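Residues or ranges marked as FAD binding site in TrEMBL: 274-275, 288-292, 305-312, ASN326. What TrEMBL lists as domain 'Electron transfer flavoprotein alpha/beta-subunit N-terminal' is 32-224.
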Amino acid sequence: MEIQKSETPSQATGRAAMKKELPKHYQDHRHVWVFIELERGQVHPVSLELLGEGRKLADKLGVQLAGVVVGPRDGVGTGPAIADAFAYGADLAYLIESPLLVDYRNEPFTKALTDLVNCHRPEILLLGATTLGRDLAGSVATTLQTGLTADCTELDVDVDGSLAATRPTFGGSLLCTIYTLNCRPQMATVRPRVMAMPQRVAKPIGRVIRHDLMMVEEEIVTKVLGFLSDSQSEDANLAYADVVVGGGLGLGAAENLQHVKVFARTIGGEFGCSRPLVQKGWMPFDRQIGQTGKTIRPKLYVAAGISGAIQHRVGVEGADLIVAINTDRNAPIFDFAHVGVVADAIRFLPALTEALTRRLAPRDHMKLVN
Ligand SMILES: Cc1cc2nc3c(=O)[nH]c(=O)nc-3n(C[C@H](O)[C@H](O)[C@H](O)COP(=O)(O)OP(=O)(O)OC[C@H]3O[C@@H](n4cnc5c(N)ncnc54)[C@H](O)[C@@H]3O)c2cc1C
């Protein structure tokens, strides 16, 4: 695997420009694959986002896009997953169904995916950088002894058809483009919401290729004893929220976060924060927005007391409308916010909440974002 400083993939210089010829036994690898992740029977939206990116790569390479669906034999979720794969641009789907694949376990999922790769030889394999995807991608890459670029923010193909996988490095202060030069498939993971959701295809059609899982339960060390849902927890669905209000260090004290939470509730949104608030223990990690937290793409993001450091910016710049409230008119957040309010957020947020509460019935909050 070779690393170079970020530049346009077609202008590769340095080590990437000196690529060796791909070993002969990898030269017949073709097509782009996306692993379709099922989360308790539901397709994870990141898989659909990846189908959009996979479609672009496949079109540039002039090859086919395939969705890979792995799940239990009784078909819970696998049928809709295949339908979604075609609806979001796949030309074909590979399907492995087995009772051993009811719950996610590393060994049978790795076996399923590596067997498919060894049989059908894709050149690119994309997975979501979810908890499941990170676990699976790492073990598939090491089993196949190929390169994996994690948490990519951009995917492209360069002039000779290699995958140019770009991701932040050195704490987000630099972007680097990583090539997998001498192995196949070229693997990459992408976090939810980093890529845009593609449009559905008008008349989806495709071919399904079935395989068996060549494994028996006795070969699997991991046993699932039960499943404890975290639905009782305060888990935020920040990544897919339409409206998000973020609080930063400018709020000054943990109790002032109440202004962020109440304002978010008033406008029908979720709340999140910058990293220092998590480090101080003012908010849980699942509320952190940014490079090492969640990437969000809401219709409206309100940032209160957040300076707009690059590590925060990369997690929010996909928002349609960014409103920043900051006392410092030179704060970096005003460089990319669409609306800037130079004000004390501790006083401004409660005043705005009160004004909106007076003017809006609760059910009318969508007027703000439509
Ligand atoms: C490897 C690495 C990963 C990181 N990952 C993340 C990440 O995922 N997410 C993240 O957010 N950060 C991340 N960071 C940290 C990041 O670099 C910044 O330090 C952080 O985003 C700053 O948080 P902040 O804006 O809340 O605080 P500050 O930078 O301290 O900014 C506070 C802002 O509040 C303003 N302010 C002060 N008082 C008020 C007031 N009363 N009303 C309104 N405004 C006020 C100030 O003018 C200032 O602009 C990461 C850093 C590293 C090195």
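Each residue, glycine too, has its Cβ placed from N, Cα and C.
These figures come from a predicted structure and were not determined experimentally.
Known features from TrEMBL, placed on the structure.
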residue : record           : Cβ neighbours (10 Å)
SER274  : FAD binding site : 28
GLN288  : FAD binding site : 24
GLY290  : FAD binding site : 24
THR292  : FAD binding site : 16
ILE306  : FAD binding site : 32
GLY308  : FAD binding site : 21
ILE310  : FAD binding site : 14
HIS312  : FAD binding site : 26
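According to DSSP, GLY290 (FAD binding site) sits in a coil region rather than a helix or strand.
Taken as a whole, the domain 'Electron transfer flavoprotein alpha/beta-subunit N-terminal' (32-224) shows an average pLDDT of 95 in this prediction.
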